[in-house]
Amino acid sequence: EWPETGRLALYLLGLRATCPLPEPGPQRLLVTWLKYYLEEDWAGSRRHGQPLTSYYQYSLGVLALCVHRKRVREEVIHRLLAAEHHGRFRHTGGSAVDTEAVAVLAFTCLERERLVGSRLAAELQAARRRVRRRMVEAQDPDGFFGNIYSTPWAMQVFIATNTCRTQPAYGRAMAALLENLDAFTTAATMAQALPVLHGRSYLDIASMHCQEEPDTLTPVSAKPPAEMLGNMTLRLVVECPEPRCPQHQLYNRTVSAPAGASLLDVLRAATMQGPPNFTFVTQDTPQGPFLSRVLGMEARQQQRRYWQLLTAPGTSLQMGVADYRPHDGETLILHLSEW
């Protein structure tokens, strides 16, 4: 069975943040499962040279264990250190910022909670300085680290290492984040941005005094979005690289959809407007719907394939299918890619 490293790690982080009642039995069982997943995950390195899931999920697992003050085998930590040192966090066509940030948060937690010896702590400090320097050097002109969704992760690094007040790059990132808060529409993305807006990082979960936490959670009724009248026309293109698909382009036609519709709504509209017939399948994830199959071609994590979302001529979208709202006349590209 495919290891659920990242999902279980996020659940354990959320569980600790909610100050659960002191019933250690179930939590202890989940922590044991996470340790098991970390070992099962690494079994993929014998075939792929990296975890079965990703270094992002693997780092989340180490971070979650540390926040629960559980020791991690030194071999597990050295795996992440080696990946950082040899630049293995980056995947094809993407950014390594979020993965590097999660790994550095895990490194900082292990050092802060004194779960490692002095020699290993020095290696973690050196890796932390390298990653932080790379983030500053690679900051986009618009203020983002990597993209809008990896930016809160990077900002947590500066918060956790007490460098946010002395680093101008952090101030630029905060300004960019405040201008784009409407992009954070799912529970998972909000959970990444909210701590930063309060000057906190996930490491603060480990030192929470739960007895002092007031119950301030109240339901909020969101206002429905303003209705937009009329339709828009877009071009939808589906691409699959050779040699898997000799014809390369599997679909290319105009699609009519209501103005203000999401990309997911556009895909639904396309299924009603054949021929040629358009089909797709999504899978529910904590980050929202994940495009898992298009025209019978499946995105398989085991084979490191995914459907990349782009706008012509080749700009990668930084939002999911349910969040991105295309504009009239835009060309949307679904490209079967590998990482």
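For all residues, glycine too, the Cβ spot is worked out from N, Cα and C.
Quick look at what TrEMBL lists:
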- THR53, SER54, TYR55, TYR56, GLN57, ASP98, ASN147, GLN192, TRP307, GLN308, LEU309, LEU317, TRP339: cyanocob(III)alamin binding site (BINDING)
- CYS66-CYS109: disulfide bond (DISULFID)
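Straight-line distance linking the Cα atoms of THR53 (cyanocob(III)alamin binding site) and CYS66 (disulfide bond), rounded to a whole number, equals 20 Å.
Fewest Cβ neighbours within 10 Å among the recorded positions CYS66, CYS109, LEU309: this applies to LEU309.
Neighbour counts of Cβ atoms within 10 Å were compared across the binding-site residues THR53, GLN57, ASN147; the minimum falls on ASN147. Spacing of LEU309 (cyanocob(III)alamin binding site) relative to CYS109 (disulfide bond) is 34 Å (Cα to Cα, whole number). Between ASN147 (cyanocob(III)alamin binding site) and CYS66 (disulfide bond), the C-alpha separation comes to 27 Å. All protein chains shown were included, and the count of other CB atoms within 10 Å of the CB of TYR55 (cyanocob(III)alamin binding site) stands at 23.
Using a 10 Å radius centred on the Cβ of TRP307 (cyanocob(III)alamin binding site) and all shown protein chains, the other Cβ atoms total 22.
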